[in-house]
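For reference, the structure is listed below as structure tokens.
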Ligand SMILES: Nc1ncnc2c1ncn2[C@@H]1O[C@H](COP(=O)(O)OP(=O)(O)OP(=O)(O)O)[C@@H](O)[C@H]1O
């Protein structure tokens, strides 16, 4: 895109007085050859490496040299030239200030960092220092993906976290990693600690927008990979940022604490990470200070551990394609506020493991579930609540605008309405009672004041003015009247003077020489030269037939009118600051109230969902139960419902006893029957139960799951140099190395990505390991029917299959899970449904019956049945000759087969031939 002609004009004007410059990276020929402006630019640029420099010039932010080339390409704006540096043109491009946020958004989302350099004095001031002096400029902010606060740059539905990682050596010599996650758009500040093997899982939970790590770790493949997987840019920090006592001091200084003792037992790695995060905040925000909450430690055991692959596979907060729509959060989010939606996403990313805490959340949902009228009223009140957390955070950073004041006003009113609604309720459960108390603690006078202060229509930026309501401030009203209604002011003044002098012909006029003056006809003017009028009216001129007078008030009027606009704005800005200060003085209470509203919204939203979709409250405790009756997949069910199709509910029981471990269900069944859906729905039900939600099931009893693992589907990771099979094996290895009795494991078609017998052997051994060593509750979907044999030999393995029926040779999926093993794959029927050409389907049917006949005659089944536990015996593959000739079948069958020429058969004839051959083999023909 190009810049508008009007904007371009003002930019040209802004740039006009400056002259040529050299490339900043090269030695300069001498100061004489560089304009003062370019010298200033070069100095500022050198002090802020690693970012694009937005250099304010009048109504534009200009970029020069390489920055201009990068930005012009990224933003699609025109690259121009401006002056020369060492004989070469200087590339330049620019963005109008009023559209800067839009351009910033694009640059930040591409992973760039932008230093915003402002003019910090009036050009008129600069001129006073001499004609060639340059306006003072300073970088006021470094905008990076993890430190943005503007509404237009943020996703309302997601937290925007900066993650700082630091490491510290432990007593046993191992490295431990501290993780500090902070969101300056809301003030949230959380700390945790993890060993190297768990960092990936922690990062997946935090979903950072930017990761800050010590410079020395920048090149480590682990971090390069982690950042790529988290789709977050990696920023290095020097060593000084987070070391020893300096780290503690940095945290204490930031929060005004004497010691860190009040924050609980923080580890050295956590302290280092927290200090690094604060250092980075300082570096990016300069003098502005975000209203961060005190850092809170998050114990890893407090949350269900879900590794990155499992999160991705289960599509908890985004689909594999990256969209929210189609993910679990997309299906369950019924919250009506942005903060409520964010809280739900956060809870989904970190389900709880403490049954008491889960019960506390459930009680809040159950309350709204049982009280539909209250739920409706609460949701109506919440709908009027804007994003309080982000509004107060922007005010704290002095980046707030009039709309943030209005957001807080509306939020205060909404909180009051909500509290009034809920206070009427009896037996408010603990979580809601606490939230109500926080929401009710807001000062009722504040919204009143904001209400009378703010105009109806509000500009985005306070500098635009016009946001203070009429009648709020007499001084402002007067200035505005002067600015807007010169004519009216003049008319009113003229009428007043006419009354005072009792002289109708007195006229108020203006010229450049006298400014405002009063003119009277000669005869009547004489009267004003005498007492008492001469005390007020000062004679200025006598003309032919008229006399001119001024008054002290009129002399001031001139000055007043010309500066009224500026003064009105200054007055408005000071009213803004006053209102902002009133709000910031209550910053902590506002943050608590905002969190309370989000909490109520999340609970009411989940209750709405449960009521709407027929969900029930699960029983969650410390046992190893996993018993679900009539479970459904929330996302698939919603999709089917949109198409008018029903979802078939299914049971699942993996319950085990502590001394033995959980049960494993081996699910076999045709393609497309619903195995993957079944596996995933049970994992999702566990996640939902542990965030305190109701679940899509008739009944559910779940003993808390500490770790959830899934190996679902197959995908290459070519960027990491891993084939499909390698990815599958790496993920499986991670599961077998870390799953425990309290874990839930979902394995979908392990071993599919390699040769049949390798795959079968691996799957077999994996199952044995899960059963004997991990002892986890597990679901295992497979097309290796041989694995159903394991159920006969290992006590806690059950076989499940999906019911299908056949009609005229076609398969009909019933999606019903029943006990037992599948007897057929129906792969060919599914291929037919998929639209494979008829000849191919017929040929496949023929081949299939041949292969099956061959297999029946082979010793494979017997071999599998005889496999000793834990001996990874190789299962003998049938000899090619056996397949070709039907193994040890009768000569008659061989002769009949030899007589068939498949190339000459129509699909129908081939099918008939196949049935004939089968009858022949069975001795019927
Ligand atoms: N319980 C159910 N009720 C209704 N429809 C279902 C149910 N389960 C699955 N389906 C439908 O069947 C489709 C296929 O399901 P799914 O992918 O789970 O099959 P699958 O057995 O895992 O197949 P494959 O073995 O080919 O991977 C789903 O997209 C959904 O539309």
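From the backbone N, Cα and C atoms, a Cβ is placed for every residue, glycine too.
These come from TrEMBL:
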- 669, 670, 671, 672, 673, 674, 675, 676: ATP binding site (BINDING)
- 743-759: domain 'DNA mismatch repair proteins mutS family' (DOMAIN)
- 1-32: region 'Disordered' (REGION)
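Comparing local CB density within 10 A for the binding-site residues 669, 670, 674, the maximum falls on 669.
Proximity of residue 675 (ATP binding site) to non-local residues of its own chain (separation of 6 or more, Cβ distance below 8 Å) is seen for 667, 668, 669, 748, 781, 802, given in sequence order. Spatially close to residue 672 (ATP binding site) yet at least six residues away along the chain are 813, 830, 833, judged by Cβ distances under 8 angstroms. Around residue 673 (ATP binding site), the C-beta neighbours below 8 angstroms that are at least 6 residues distant in the chain are 802, 804, 813, 815, 826. Most Cβ neighbours within 10 Å, among the binding-site residues 671, 676: 676 holds that distinction in the structure as shown. Assigned with DSSP, the residues of the domain 'DNA mismatch repair proteins mutS family' (743-759) fall into helix, strand and coil as follows: 4 helix, 5 strand, 8 coil. Taking the domain 'DNA mismatch repair proteins mutS family' (743-759) as a whole, pLDDT averages 82 in the prediction. For the ATP site, the Cβ centre of 669, 670, 671, 672, 673, 674, 675, 676 serves as reference, and the other residues of the chain with Cβ at most 8 Å from it are 781, 802, 813.
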